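Participant: Dropping the structure in here first, questions after.
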Amino acid sequence: MSRYHTFTAADAVEYARQFGQIADPLALVTADEIGDGNLNLVFKIRDAAGMSRVIVKQALPYVRCVGESWPLTLDRARIEAETLLTHGQFCPQHTVNVLHHDAELAVMVQEDLSDHEIWRSELVKGKYYPQAAGQLAEYLAQTLFHTSDFYQSAQAKKAAVSRYTNPELCQITEDLFFTDPYIDHERNNFDPALLPEVLALRQDDALKLAVASLKHRFLSKAEALLHGDIHSGSIFVADGRLKAIDAEFGFYGPIGFDVGTALGNLLLNYCGLPGLAGPRDAAAGREQRLKDIHILWETFSHRFLALCEEKTQDSTLATAGYARLFLQQVWQDAVGYCGSELIRRTIGLAHVADLDSIADDEMRRACQRHALSLGRTLILAASRIDSIDDLIARIRQNG
């Protein structure tokens, strides 16, 4: 008989006392359920003084925003914990610290990050963290290189691909990124004023052909252990610090997907800034986002290449020039997946505050149309955008 049961606040406190690695566990007395996502319960465990000391996260057996009509495997909690532990092995400074996890209860205890802020919220408020893009690039380079064929033995990699097979969560990504936005589906969510743009996307055969190629690569390219959902809402930042959280979508997939999703979320903020700030602040913020995406790719690519030169285990993959050739394909994948993120976050199920929090209706629609137009451009032109400078030029041309 399964030990699984949905935690109450009292259950979360007791669990944190046992597994929170707190010197004075009985000091933990209350729990606040703070989960704002679709898949989990998240409790902040506080002491008598009201200070948050540790986080308890439990997977629910269904999609929270839909209900029990959309069931989900609880094994995703194991995959999330093990993904974070693996990523933490290679990049501890930028991965949330997992203190304990229990696969049967689908629960994880992790460090409290109350001294950090969610990066998306800070971007929407116009607060700039100049080191964040480079730190995210370091996280991506370290975690993706060390779980790839460049570093892992073929036997270890194949075993890991099996261990991290995550079909139900991948199905969500496959549907929300590559299928739903291009068909009439009940999960789609968009302003009726955008219907002409939505219909144009559905009828764009060249776009749908390019999206089919992106989906096929997502389905078939087990290049590294991805975070799988690395957007600005799954990243905590503080001055000089950054940590990735929420890795339940982890699986072995195309490296460009994680990189492209990260780039796409910076560009969602770029598209939303005219509606989030006055003209001068919006213009300055947009230049910051372009600087961020430049730093993100340049730092990631240089770091990944350096790791390949230093640590590649396979003698064939160590052939001079191969890592750079491989990285060029990662880049083109990333540009395409970046475009997919722009489109699906605008008209699909899961939106972002960078666009949806814009108060003025007409300005919000203009920013959403920009995101759709830019997303389409990037998907269609990915194979012809050869460098980060080319990408930035395309972004400027698009508005």
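Positions of Cβ are set from backbone N, Cα and C atoms, glycine also.
Computed from a predicted structure; not experimentally measured.
Per Swiss-Prot, ATP binding site is recorded for ASN40, LYS57, GLU111, ASP112, LEU113, ASP246, ALA247, GLU248. Per Swiss-Prot, substrate binding site is recorded for ASP229, ARG344, and the stated evidence type is sequence analysis.
Can you tell me where each of these features sits in the structure?
Facilitator: In sequence order, ILE55, VAL96, PHE236, LYS243, ILE245 constitute the residues six or more apart from LEU113 (ATP binding site) in its chain with CB-CB distances below 8 Å.
Around ARG344 (substrate binding site), the same-chain residues at least 6 positions away in sequence with a Cβ under 8 Å from its Cβ are LEU176, PHE177, ASP180, PRO181, ALA350.
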Participant: Among the binding-site residues GLU111, ASP112, GLU248, point out the residue whose Cβ has the most other Cβ atoms within 10 Å, with all shown protein chains included in the count.
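Facilitator: Within the set of binding-site residues, the most crowded position is GLU248.
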Participant: Over all pairs within ASN40, LYS57, GLU111, ASP112, LEU113, ASP246, ALA247, GLU248, the annotated ATP binders, what is the largest Cα to Cα distance, rounded to whole Å?
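Facilitator: Site span for ATP, by Cα atoms: 18 Å.
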Participant: Among all protein chains shown, how many Cβ atoms are found within 10 Å of the Cβ of LYS57 (ATP binding site), not counting that one?
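Facilitator: Taking all protein chains shown, LYS57 (ATP binding site) has 27 Cβ neighbours within 10 Å.
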